[in-house]
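Peer 1: As annotated in Swiss-Prot:
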DISULFID  CYS48-CYS86  disulfide bond
DISULFID  CYS245-CYS277  disulfide bond
DISULFID  CYS263-CYS289  disulfide bond
DISULFID  CYS462-CYS556  disulfide bond
DISULFID  CYS588-CYS748  disulfide bond
DISULFID  CYS636-CYS681  disulfide bond
DISULFID  CYS824-CYS860  disulfide bond
DISULFID  CYS898-CYS1295  disulfide bond
DISULFID  CYS1056-CYS1101  disulfide bond
DISULFID  CYS1326-CYS1441  disulfide bond
CARBOHYD  ASN55  N-linked glycosylation site
CARBOHYD  ASN295  N-linked glycosylation site
CARBOHYD  ASN315  N-linked glycosylation site
CARBOHYD  ASN387  N-linked glycosylation site
CARBOHYD  ASN502  N-linked glycosylation site
CARBOHYD  ASN751  N-linked glycosylation site
CARBOHYD  ASN846  N-linked glycosylation site
CARBOHYD  ASN968  N-linked glycosylation site
CARBOHYD  ASN1114  N-linked glycosylation site
CARBOHYD  ASN1285  N-linked glycosylation site
CARBOHYD  ASN1398  N-linked glycosylation site
REGION    678-709  region 'Bait region'
SIGNAL    1-24  signal peptide
Amino acid sequence: MWKNREAQLCLFSVLLAFLPSASLLFGNSKYMVLVPSQLYTETPEKICLHLYHLNETVTVTASLISQRGTRKLFDEPVVDKDLFHCVSFIPRLPSSEEEESLDINIEGAKHKFSKRHVVLVKNKESVVFVQTDKPMYKPGQSVKFRVVSMDKNLYPLKELVQDPKMNRIMQWQDVKTENGLKQLSFSLSAEPIQGPYKIVVLKQSGVKEEHSFTVMEFVLPRFGVDVKVPNAISVYDEIISVTACDRYTYGKPVLGRVKVRLCHGNPSFSSETKSACKEENSQLDNNGCSTQEVNITEFQLKENYLKVRQAFHVNATVTEEGTGMEFGGYGRIEVERTRNKFLFLKADSHFRHGIPFFVKVRLVDIKGDPIPNEQVFIKAQEAGYTNATTTDQHGLAKFSIDTSSISGYSLNIKVYHKEENLCIHSSCTAERHAEAHHTAYAVYSLSKSYIYLDTEAGVLPCNQIHTVQAHFILKGQVLGVLPQIVFHYLVMAQGSILQTGNHTHQVESGAPVQGNFALEIPVEFSMVPMAKMLIYTILPDGEVIADSVKFQVEKCLRNKVHLSFSPSQSLPASQTHMRVTASPQSLCGLRAVDQSVLLLRPEAELSPSLIYDLPGMQDSNFIPRSHHPFEDEDDCLMYQPRDTEELTYSVPYGREKDVYRYVDMGLTAFTNLKIKHPTYCYDLPKEPPRKDPPRKDPEPKDTVVETIRNYFPETWVWDLVTVSSSGVTEVEMTVPDTITEWKAGALCLSNDTGLGLSSVATLQAFQPFFVELTMPYSVIRGEAFTLKATVMNYLPTSLQMTVQLEASPDFTAVPVGNDQDSYCLGANGRHTSSWLVTPKSLGNVNFSVSVEAQQSPEPCGSEVATVPETGRKDTVIKVLIVEPEGIKKEHTFSSLLCASDAELSETLSLLLPPRVVKDSARAHFSVMGDILSSAIKNTQNLIQMPYGCGEQNMVLFAPNIYVLKYLNETQQLTENIKSKALGYLRAGYQRELNYKHKDGSYSAFGDHNGQGQGNTWLTAFVLKSFAQARAFIFIDESHITDAFTWLSKQQKDSGCFRSSGSLFNNAMKGGVDDEITLSAYITMALLESSLPPVVSKALGCLEASWETIEQGRNGSFVYTKALMAYAFTLAGNQEKRNEILKSLDKEAIKEDNSIHWERPQKPMKSEHYLYTPQASSVEVEMSAYVVLARLTAHPAPSPEDLALSTGTIKWLTKQQNSHGGFSSTQDTVVALDALSKYGAATFSKSQKTPSVTVQSSGSFSQKFQVDKSNRLLLQQVSLPDIPGNYTIRVSGEGCVYAQTTLRYNLPLEKQQPAFALKVKTVPLTCNNPKGQNSFQISLEISYTGSRPASNMVIADVKMLSGFIPLKPTVKKLERLEHVSRTEVTTNNVLLYLDQVTNQTLSFSFIIQQDIPVKNLQPAIVKVYDYYETDEVAFAEYSSPCSSDKQNV
């Protein structure tokens, strides 16, 4: 390596300076003390003392002085006349980084010297990094990561995760690693903010380390495109060779076509408007490759070169044969002016008079390959030097320039090939040849003495000896009296002195002191990644002659880690062994990732280079803030004294180099030696002295036999293992079912040898042949589809194959065409077998297809059929959903049954309407011992409705709070339930942040790029829920503060709150004053959040409004009253609470031993019911608020409150659906809060064990026992007789919650719904051939119900069997005014409409055929009010090309 000795003074220079106050009484005695300018605690450091020509015994003392006291490092007498000695010490641990003073005292009988200088003492930083199990994640996946620390004595760390909006979504406090490693994980929500995320590790020092990963929706690619192009071409080239190769992740070539697009333009512009492009198309060959020779003469590279820097951008897109799947690759080509160029391998930044100046260059072509046997010329005008030589086989040319005759301070060198380029203007068309320039500056020495360290280029390998040549020339009048000259050297790395030594040169009388010698330097691990060497000698007159050099050291690790698989190629689902070799007792983190993930998002491979580039691994030399590099008053020669009263200081000028300026070693030095050359100065006005600002803490840096395949992970291995004392550990594991290549790696930490990293190990999961099934996601009973099984043979020989679809009573299957179950499959061939399948059963139907290679006496073509030794049979199982025709209906019958000594019974009749779809009826009976059992089991599935907006998401969040509180209070919380509930809370927290605005508010669909408006009601709901969730999960306090601040700004002088944003549930708009109802809700939320500052004014608003509310007749304001009752209960205003409850009691509906409340003008039901319909959302919500008002009484609810609440709880339980929720979101949240409080208030730990029997009028009977051990268990049985009569009996003592669920389908029939719904397809008929493969669905929707407008409306469009929606055409609907959100699933399209009036709204999108299906049945479109689910309309549509075409 050649030395880059920069001429300018940098902050990392050695500080060799006098302090003005230093006393020097030694005469000819010389001294130098060297110490690192930055010291690290808990790290051995050295201080080196050099005394020269002492004439008496002295005592040398070195001390570190800080605010904590004085610590002596060195205190010894020195008798020797000359001494060079280094002392080791370990700096103590300061509380924080601090500057300390290094005090040097040298004292003898006649002489005394003292000097003090500032050094920095700081804690040794642990080097920390983060590794994730893969670089990108899908929504809902678990993010696994490990924190790795190089410091075995690691202090507590804090990790947090930030999403793209910098929201803190997860946090771990005081994490302690085990042997330097800690693995953590967290789950992403189903709908997280997509984009880049950061894991931030905050170390004790305040320094942050960050690791990024990406969250996005993606489908793993099955193949990747590799584009091979030259790195560069010259302007004289006319052809570019572009090769595109494509292989599956399991290594086999892809068949298909490739399109290459080559664009020429300025690389700084991304837009193609700045580029000219060419396209070439070709077929991939049998190796999956295509090479194209592209003519580029039309781009006129020579003419354009000097106008703009040029480059070519190459994009290759491969289209897979058969599937049409596309994937791309990219390449870039730089355009250079010459066909070749020079690389300087050796050329110092400074020259020394009398010592040869060595130059080494390499001539390379445009690809970077060396060019041998070419003539190279050199010119050095100041030295009067010209020469020529021929490059060797490595393209190298070497020169040695005599510097003796140089009279100036610079040396300009020009190296060129063939001939000099004399024409450099843009108009020149002559070919330019390679040339390179270098300038070196003189090193200053008063005596013209110099030393130069010469070392070869390259990276030094660890654990070897490196030889450095030292060239010197020494002059001076006193040299003749010296018998010998001693050269001293130091080697530093990582800011510490590692090695010292010396070399003695004998001086011959009368001979010039000139020559060279070799120094052998052991290359140690502690020198990685860079070492610095300083050599110096002291002349008798005190002049220091020195040089320094840097060594690049191989980035090696002591802990040698090796990872391998045995065998390295395995069948899916077979056993393999992962073998790890490392230092004994190493803790190793293992990882293996599907190559498909890395194709989609390549990541930097964990390597020694990456580790040594981490913060904390770099040298950071230190210059004290108060120290000016030119402190001495006599440092420069003045041109002329100035007669002025102004203070002046001197500014050095010149580019000569001296010891002071070129020793880039990170040392602080104390010396009375001559180390600087005089510099010429001029004077400038000097500013008055300024005090340094107070010292601040450092700012934190922000700176991868038969097989049945069904297991397809993206990350296969993510484990920690400890290596045994032998240094080898083997882990047996099962290969996943994915046919791919797995990329694996290991990182290990050892207390003895530190960090080690393995190179990438690969395992090919492959079998010689396999089968893939093609089938639709779901069909409707009566439809038929073609099941295709494609078998691929990648063996070099032919196989006799049998393919079999396992028979089942759930479907019939007929082979298509002349397909046979046995056939011959040639080498590298594929074959598809097909069956026409008609499902007969409803529900999930399994299809199992097996292919097997068999022995056969018959030849396959001209070959004998072979049988592979392994992987002879492959079986794939896929599930098809078979649905009944018509519209799904569900009825739930729930009861809270409490028995004492006498048996309690209840009868139930399951009736079916006359036009029920055949075989679609099914029913089950459930028994639970706890009132919340069903909700606990189904907390993420409480209602069968979409969750796509900010308010609906909260039904996935808030109930978990009530469940955890309830189970905690009743001491029923298990680790399993707790883990799930906390996971749901964290996921809901992440999702809700999607709907936050920059001002701290929340709305149903977020800020829409700053266009949306915050919603007052939803913000209060989120604030309350986040505040309550703090007891269970991490909630960033800023989210609560931001919401509270925004709500405070919405409060009026009256104490009421103004409404902001849309209220999608217009029951909130139903009172005499919307603000009263809203204010009651917000007041309640603030009281539940323990945020009182604005509550007193809000309560005043409610009290002032009560008289108006109370005078309302016929229950006009019952919803508002229920909210106010709970708000005053929370505020502790018992008088007002009781007054409101008394008013509510007059308006209660009391029947069948139950109590509830209704609105006076609730919407009419839209259809005739066999059964009493489930109550609407508002009725459930207001009744639940009354229960909360009664049960939150202080200090405890009275017996009367409990008794009245029991009646309402009985009514509420009858409104529950089969999943434990209610009809919509807000009623589910409030009612579950009420049920949990009632359950806690009435919970009994008694050993009562009631039994429940359900019995039909026939022979069916099932008995359930409920006790303490299964209280939370949901026990269930299917009911066989539908229609039928059943009796439910409860005996023993205690309460049970019984629920019967009946489901069936009805054909679509004419009705009078609350919505007018029309559905049509375009084209209408099959005349257009495109209608068979894709067509447009158009919807027309208007509201015909009893209100002026609906609440939020959901339009649910089910897909025809075998069809999928064209996602971009659906997403485009979000641009329309009334469409707030769209969702696309495998089988449905959902449109969220903010509201619908009597004005018709129109929407359309395109669906396309994915898999052909025969006898297509119509698909259903359902439109319904989200909060009044009885307001619903249905329609159906058919494919234009289906038989019995019908659009309703």
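The backbone N, Cα and C atoms fix where each Cβ goes, glycine too.
Since this is a predicted model, take the numbers as computed values, not measurements.
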Peer 1: When the Cα of CYS1101 (disulfide bond) is compared with the Cα of each of the recorded positions CYS48, CYS86, ASN968, ASN1285, CYS1326, which one is closest?
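Peer 2: Ranked by Cα distance from CYS1101 (disulfide bond), first place goes to ASN968.
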Peer 1: Considering only the recorded positions CYS462, ASN502, CYS1326, CYS1441, which residue has the minimal Cα-Cα separation from ASN751 (N-linked glycosylation site)?
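Peer 2: Of the recorded positions CYS462, ASN502, CYS1326, CYS1441, CYS462 has its Cα closest to that of ASN751 (N-linked glycosylation site).
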Peer 1: Given a separation of at least six residues and a C-beta threshold under 8 Å, show me what packs close to CYS289 (disulfide bond) in the same chain.
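Peer 2: Expected: THR243, ALA244, CYS245, ASP246, PRO253.
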Peer 1: Across all chains shown, how many C-beta atoms besides its own are within 10 angstroms of the C-beta of CYS898 (disulfide bond)?
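Peer 2: The answer is 15.
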Peer 1: Where ASN295 (N-linked glycosylation site) and ASN1398 (N-linked glycosylation site) are concerned, what is their Cα separation in Å, rounded?
Peer 2: 64
Peer 1: CA-CA, which of the recorded positions CYS263, CYS824, ASN846, CYS898, ASN968 lies nearest CYS748 (disulfide bond)?
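Peer 2: Going through CYS263, CYS824, ASN846, CYS898, ASN968 one by one, the Cα closest to that of CYS748 (disulfide bond) is ASN968.
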Peer 1: List the same-chain residues at least 6 positions away in sequence whose Cβ sits under 8 Å from the Cβ of CYS556 (disulfide bond), in sequence order, or say none.
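Peer 2: Expected: PRO461, CYS462, PHE525, VAL528, PRO608.
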Peer 1: Cα-Cα separation of ASN502 (N-linked glycosylation site) and CYS1326 (disulfide bond), in Å?
Peer 2: 96
Peer 1: Based on DSSP, name the secondary structure state of CYS1441 (disulfide bond): helix, strand or coil.
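Peer 2: Once the DSSP labels are grouped into three classes, CYS1441 (disulfide bond) ends up as coil.
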Peer 1: In the structure shown, which of the disulfide-bonded residues CYS86, CYS245, CYS277, CYS1056 has the fewest Cβ neighbours within 10 Å?
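Peer 2: Counting other Cβ atoms within 10 Å of each of the disulfide-bonded residues CYS86, CYS245, CYS277, CYS1056, the minimum falls on CYS277.
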Peer 1: Would you mind pulling the DSSP three-state label for CYS556 (disulfide bond)?
Peer 2: coil
Peer 1: Tell me which of the recorded positions CYS48, ASN55, ASN968 ends up closest to CYS1295 (disulfide bond) in space, Cα to Cα.
Peer 2: ASN968
Peer 1: For the region 'Bait region' (678-709), report the average pLDDT of the model, please.
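Peer 2: A mean pLDDT of 39 is what the predicted model shows over the region 'Bait region' (678-709).
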Peer 1: Go through ASN387, ASN1398, our glycosylation sites, and report the one whose Cβ sees the most other Cβ atoms within 10 Å.
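Peer 2: The residue with the densest Cβ neighbourhood is ASN387.
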